[in-house]
Amino acid sequence: MNQETIYAVVDLETTGTNIKEGDRIIQFGCALIQNGKIIQTISQDVNPLRDVPTKIQHLTHITADQLELAPIFEDLAPTLVELLSGTVFVAHNINFDLPFLNGELERVGQPPLDLPGIDTVELAQIVLPEAPSYRLQDLTQLLAIEHDNPHQADSDALVTAKLFLKLMARLKTLPLVTLERLSALGAGLLRQTGDFFTAIAEQMHAQSRPLPNDLLIRENIALRKPAEESFEIYPGSNFAADYPVEEADKKRLLKPHLKWRKAQAAMMDMIHDNFESEAPEPLLIEAATGLGKTIGYLLPYSYRMTPEHKLVVATSTTLLQDQILTQARPLLEKLVGRQINAEIVKSPRHYLDLHRFELSLRLPHKNRMVRLLQMKILVWLTQTTTGDLDELNLTSYQTPFFNNVQHRGLTSLQPQAPFYQDDFLRRLHKRQQQAELLVTNHAYLAEHANDHQTWGARPYLVLDEAQNMIFNVQKIAQQDWSLSRWQLWSQKGLQYTDPEQANNNLARLFPKKSPQARSLRLVHKNLTKLGRTISDLETYLTTAFELPQPEAHQAFSERYLNPDEVVQFVTACHNQFDQLNRQLLTIQDHFLALRYWLEQRLEQYTEGDLGIWQSFENEINLLLADVEAYQRFEQLFIATKPQEQHALMIQMTQPKQPSQLPQFKLQWQLLSAGPQMQQILAHFEPVTLTGATLAVNGHFDYLKRELGFTEAQPLATKKLRSPFRFKQQARFFIAEDGPSQKNLAPNEYHHAVAEQLLTLLVGNPHQALVLFNSNQALEQVYYALGRAGLSLDREILAQGITGSAEKITKRFMLGHDSILLATSSFIAGVDFPESALELVVLVQLPFDAPNALQTRIRYAQLSAQGINPFKAEALPKATIKLRQAFGRLIRTPNDRGVFICLDPRLLSTQYGQQMRRALPTSLPQKAASVKIIRELIDLFWLNSH
């Protein structure tokens, strides 16, 4: 490939995806590129001599009448072969277009095209490492490429050609050292995509450009230099050292940038006055959506916070952390007229360890996805100043590769290491110490509340989305230790340390009778012992505690151990736990010694030897990464007397084959978050707890109890109303004919839900969020909607199926008629402004599953205290979730939207009526059949424009 190469950028429209089942090409589009320019475009309809599915006609806007007059493929084939001969074939998802085209050529007696090929999906994944989506229409939007007719071959081919040119141009701006690294890694990419990187590297080598000033080279890796830190007071600003106490002063401050909201000002004053008093107390403020809650608390604190006395803001997700920094902070800076030094605080594992990444480049990786990720990160390192892996917008980070390159924390760094000065976490820690505002997430705060090195001494604290803090504290505390998983990892590790295993034995990597050979023998010996110890523990659990038979729809049975049974278990197995600790320590110490020794001598080993070591390292790393869960179990149930707020359960999965053994797992959870919440808050100044949905029917009793506040503790509360005009902005519908889960078998229920969703969504182009109570229901309905053909008409995103929560959130925000199927985790914490979300469907009322063992244990605990679990916990919790679900819909004064509940209990039960009363009083509510609701939705949108 060189400047004179002709690239043929091709797109096909077809009747379907399977040529063997009779699908055919209905449109061929091609754009030819040479010397960096589009030199010719070709578009041709093709008569498939068969019916074109209605869905395909609707998707492509290609009609049967249009195709009837077009030539058949057999007549076009010679011309297409002549057109494409001698070119490099380029397509967006080349492994569809090229094989399909070759299949059609072979069908009509032509030889298949033997052409080098480039995939623009993979190319974009590497050259645009931070793109949230690599669909053609999303990339064209990101790069401002006009795309008038998506899903038409001529338009798609032309925009793919423009995309290819932009990617080529960006590739040529990369430093030569990065291009050479990409060339070396490209062998595993699709077709000849890797050769394209080599061709560009050779072209740029001939030009010999200087390294840009904003980059540096370390260990043959190009890195972006950190930005210079500076403190600014904005020119012509109204910077003032004192908080604007008077209303007129606040109006003067806010007016140029914000609409005056009396409720927002009241929130500001409440926080300011609290800390001006002699005895500040915790505040609990329900700040309804739309009143500007974030600025409502940031502004008064901005007059108090300093690098020595920081403000810590904790919110429910890392996504919301980013929103505070990227959206709220710039607005705050304009209001107060000065720069706000603010930083993110989250787990070190969100950041790339440069040393470990560079080491991964020196190790052989046959896995194509690993090499693609390495290439992606190499390009990203020329752009990022944070090293935050979240910037890559990946679906999952739960892979052995990321486990190896994620940061382990500051204590893992060695000052003599080549990347020590460039380390992202070191830089971040320095900035955190200089910052006055630290933005973290609930999960991190819950585990690191006593980290005074980061927070400073008794900082201010705001818990945003405070109702979710309880859930996040419980989620962190809910852990499991899988004995069977440890058994598996020890067995896999032994495959590489066993002297009898001639092919995979690691012994040949180390000198005989050396300290390293002894370390390997000790690892082998203790992995063997570890397996026996785990077997002893499993045997005891089987004989000491009778487990019930699993439910019909479950593959496992589970049993709760009461505090006395926990004491019995840990006492009887005291020796086994002691042995485990010694075995783990020996394995870890000698494994780390072997790894360090090997890393100093990588160049001495063959690719095969290093591949064996990598496989072994992956298994041991999985084991060692899980040690934290065992240590937590030890801390809660062995080192101290079991506490009533922690519940321990045994879970046993039945074997699929008679020859297999049952699998054991120990699970534990926090039944009451209150005591732990109070421990967290004790490290800070009196907290400000805020959120849009903290009260239940005007009362804060549920949340106060869950947060651990007693009647004797001071706690000031306030409820601030929303400024939104719900009567004009929204509608709330309840399906009278909604399916009842109680009266239907699971498959019948899922089918009924899918049918009702089709009634509501087909031909309704508004962005829709569908909320489920269970992953099983979500999955079954997703596939049912796909079988009904809805996915051909609209993009359907499904949590856990098409991507992680953060990935599909970003994809959904890019959509214009997408459907997002999600669980209750989406009920809170994500903003979809204006047309990004216009329809919410709640499939079931958001109650916790009453038959789940964890729920039963919690309810039994409350009953033992004389508390009605349904009234005191289940109902208020579900009511808050219902309010939160509706709150996803209307986020700004310009939003319009429809909320539909398919659960008939909202109409037919007394508690359903009570939940409805918790919704905004001005919100119009109406019950009707799903068919009528669909008509009312259309009428609402007609009247809204």
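For all residues, glycine too, the Cβ spot is worked out from N, Cα and C.
In TrEMBL, the motif 'DEAH box' annotation falls on 464-467 of the listed ranges 464-467, 532-535, 720-723, 804-807. Cβ packing within 10 Å was compared across the binding-site residues Thr289, Thr294, and the lowest neighbour count falls to Thr294.
Just so you know, the Cβ of Ala287 (ATP binding site) picks up 25 other Cβ atoms within 10 Å once every protein chain is counted. According to its DSSP assignment, Leu291 (ATP binding site) is coil. For Ala288 (ATP binding site), the number of other Cβ atoms no farther than 10 Å from its own Cβ, over all displayed protein chains, is 19.
Residues within less than 8 Å, Cβ to Cβ, of Leu291 (ATP binding site) and separated from it by at least 6 positions along the same chain comprise Arg261, Ala263, Gln264, Met267, Leu720, Arg721, Ser722, Pro723.
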